[in-house]
Amino acid sequence: MNAVESAKGKYAQMLFNELFEDYSNALRPVEDTDKVLNVTLQITLSQIKDMDERNQILTAYLWIRQSWYDAYLKWDKDKYDGLDSIRIPSNLVWRPDIVLYNKADDDFSEPVNTNVVLRYDGKITWDAPAITKSSCVVDVSYFPFDSQQCNLTFGSWTYNGNQVDIINSLDSGDLSDFVEDVEWEIHGMPAVKNVITYGCCSEPYPDVTFTLILKRKSSFYIFNLLLPCILISFLAPLGFYLPADSGEKVSLGVTVLLALTVFQLMVAEIMPPSENVPLIGKYYIATMTMITASTALTIIIMNVHHCGSEAKPVPQWARVVILDYMSKIFFVYDVGENCTSPRREKEQEHRLEGGDMCRGGDGKSHLSSRNDDSDLKENLNGNWNKSFGVHGENVRENVNCCSCYKMLIKNIEYIANCVRDHKANRAKGIEWKKVAKVMDRFFMWIFFIMVFFMSVLIIGKAA
């Protein structure tokens with residue numbers, strides 16, 4: 001076995017010396033200069049190293065195979081003990097200057113000087129690995145449920161189509177050795193040959209364009225950007241459910257707005273500055289607009305809630321629409337009131353029960369209305385007249401007693417009026433508070449429905 005290998009090595013050395021004795025790698029290896037040299041190109045995608053959406057650069061690890069026939073590197077294998085192929089450094093032979101047209105790297109170094117396989121019939125096969133950075137137009141309109149198409153265009157830099165022609169080895173790039181990427185799925189890599197005539201030259205220039213079809217794996221962005229936003233947005237309508245006296249209604253809206261602003265900045269950092277706003281960005285903007293509106297409405301409703309005695313009475317239309325109908329629809333009732341007892345009956349019972357000014361320890365009720373005051377006045381006047389007719393000698397004492405009674409009646413009337421005005425003002429404030437509460441419930445359900453439909457819409461866009 002060692003002797004056979006030594007013999008082949010001897011013939012290979014002799015073949016190499018004879019082939020490259022008068023060989024030049026500077027010119028196209030064709031016997032007729034008018035003849036086209038065909039170069040077969042095959043691209044194998046090994047790995048996607050990076051997809052920079054912001055700078056729109058795709059970094060990929062490729063295996064590039066080029067094969068062509070060299071008319072000056074042929075031999076009769078029978079003369080060399082059946083030696084049909086040799087492996088030599090690629091810089092010793094002529095190589096086509098096929099480059100990546102849409103290269104986005106500032107490194108213009110030479111291709112890797114791997115060996116080429118030279119066959120006895122003059123066929124040269126050159127396999128070279130390459131890490132390419134190519135420009136890719138990124139459309140983030142449906143981020144994070146987007147698909148991208150990145151082109152890899154290969155062609156000769158100096159030879160036109162009449163000198164070097166490029167032929168596709170396969171209809172698409174080879175994906176058999178592709179290493180799965182954590183962020184992108186590969187849905188194909190079709191290859192198309194183009195023949196373009198540029199404005200500078202009249203000769204055609206062929207190229208081969210491989211279109212890399214990528215589909216983003218959106219699970220990471222769903223759990224880290226989308227779901228937190230949806231959950232936070234559902235907190236915004238709950239601000240209407242908070243009691244107005246808690247003092248946290250506006251604080252909740254502002255806190256939710258700040259949280260969504262943070263998520264919006266995170267998305268803006270990874271997206272290219274283009275006119276196409278990503279889908280998740282539109283969702284953030286719509287949610288932030290909704291939360292801003294809810295915070296503004298909360299401030300208005302709180303002003304309604306804190307309407308005091310100086311406010312005007314509730315308008316009649318508001319009594320009918322809000323207090324009578326909407327309060328029943330949204331199940332807003334006063335204390336002690338429920339859906340089976342009408343509101344007006346409760347108000348009448350409240351007036352009857354709260355009509356007394358105060359109650360004594362023996363359970364007897366005192367004077368509480370204008371009729372009672374007038375009756376008391378008549379009784380006191382009648383008693384004074386009788387006392388004056390029977391006891392005329394005590395006129396001065398009766399006059400003093402009458403003055404005391406009149407002062408007492410005046411004080412009682414003043415107290416009764418004050419209590420009556422206080423009850424009226426208090427009832428007015430209670431009505432405005434109920435109006436604010438009904439409006440809170442109304443806007444809470446409106447905003448819940450809006451958040452739900454926006455969430456369904458973005459999920460539907462993803463599907």
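All residue numbers here begin at 1 and follow the chain in the order shown.
Even glycines carry a Cβ here, placed using N, Cα and C.
Automatic prediction, not curation, is the source of TrEMBL annotations.
What TrEMBL says about this protein:
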- 14-217: domain 'Neurotransmitter-gated ion-channel ligand-binding' (DOMAIN)
- 220-244: transmembrane segment (TRANSMEM)
- 225-458: domain 'Neurotransmitter-gated ion-channel transmembrane' (DOMAIN)
- 250-271: transmembrane segment (TRANSMEM)
- 283-305: transmembrane segment (TRANSMEM)
- 343-374: region 'Disordered' (REGION)
- 442-460: transmembrane segment (TRANSMEM)
Within-chain partners of the transmembrane segment (442-460) [C-beta distance under 8 Å, separation at least 6 from its ends]: 226, 230, 233-234, 236-238, 240-241, 279-280, 283, 286-287, 290, 294, 297, 301, 326, 330
Tertiary contacts of the transmembrane segment (220-244) (same chain, 6+ residues out, Cβ under 8 Å): 143-144, 183, 250, 252-253, 256, 259-260, 263, 266-267, 280, 283-284, 287, 290-291, 294-295, 297-298, 301-302, 305-306, 433, 436-437, 440-441, 443-445, 447-448, 451, 454-455, 458
Chain residues outside the transmembrane segment (283-305) and at least six past its termini with a C-beta under 8 angstroms from it: 226, 229, 233, 236-237, 239-240, 244, 249-250, 253-254, 256-257, 260-261, 263-264, 267, 277, 432-433, 435-437, 439-440, 443, 447, 450-451, 454, 458
